[in-house]
Amino acid sequence: RRQRRVNTGLLLLLYEFYQVGLHNIPFVTLGVLILNIFLFLNPVRPLDEVCISVNEVSYKGSWQYLLLHPVHHLNNWHLCCNMIFMLWMGILLERKIKSLWFAYIIAVFSVLVRVVYMMLEFLLMGILNDPMREMNCGLGVLFALKVLNDYYNPVEVSSALGFWVSSKFACWVELVAIYLISSRTSFTEHLTGILVGLMYIMGPLKKIMEACAGI
């Protein structure tokens, strides 16, 4: 039964690739998709061992998980939904900002989102007096990419889970809607992605990355 579920999710994902056409997918985006699929089928570590949390990274010193966690998924449907989202965000962004810079953004965001996530969880742990928050796992790179896509490919309105809203608020609407639909989804992890995206388009992050690239 598990094998059938895996096959179903992967078949839907492959069908989406077929619909788009591999020749229409920029090579960095395609590489990210292939890497995620490969590591889903051949994980380096079990998912519970690559959890990004305050407990794992700050207290146990498992900093290598900053690199492993982004390419691990809960199940085939998690992989399918994320990779379809990545497919379309990647096509739009990579064509707009070019492959080298897009790869640079993916690399920086993959680490930075998790660092900011742990900082937020540590802060909330103190404010809410909730020690269990140090065990929460986080992700959020896709939300950061969505913020960038709205910036680089502006439109007046966009679809947020089937509802048409102003592009300025689409990420925030999706953030709340996803949390309401699935209470198991971490609100903080998706909020972190939005914050990192805003740090890039409105804050100093883009200039810092440009300076580092120049060096």
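Please read every residue number as a count from 1 along the shown chain.
In case you wondered, yes, glycine gets a Cβ from its N, Cα and C as well.
Per TrEMBL, the feature domain 'Peptidase S54 rhomboid' maps to 62-202.
Per TrEMBL, transmembrane segment is recorded for 21-41 (among others).
Sequence-distant contacts of the transmembrane segment (76-93) (same chain, at least 6 residues past either end, Cβ-Cβ under 8 Å): 5-6, 8-10, 12-13, 16-17, 20, 24-26, 28-29, 32-33, 36-37, 40, 102, 105, 142, 145-146, 148-149, 152-153. Here TrEMBL flags 76-93 (among others) as transmembrane segment.
Look at TrEMBL and you will find 100-120 (among others) tagged as transmembrane segment.
What TrEMBL records for 161-181 (among others) is transmembrane segment.
Panel annotation: around the transmembrane segment (21-41), residues 10, 13, 71-73, 76, 79, 82-83, 86-87, 90-91, 94-95, 99, 102-103, 106 of the same chain, lying at least six beyond its termini, place a Cβ under 8 Å from a Cβ of the stretch.
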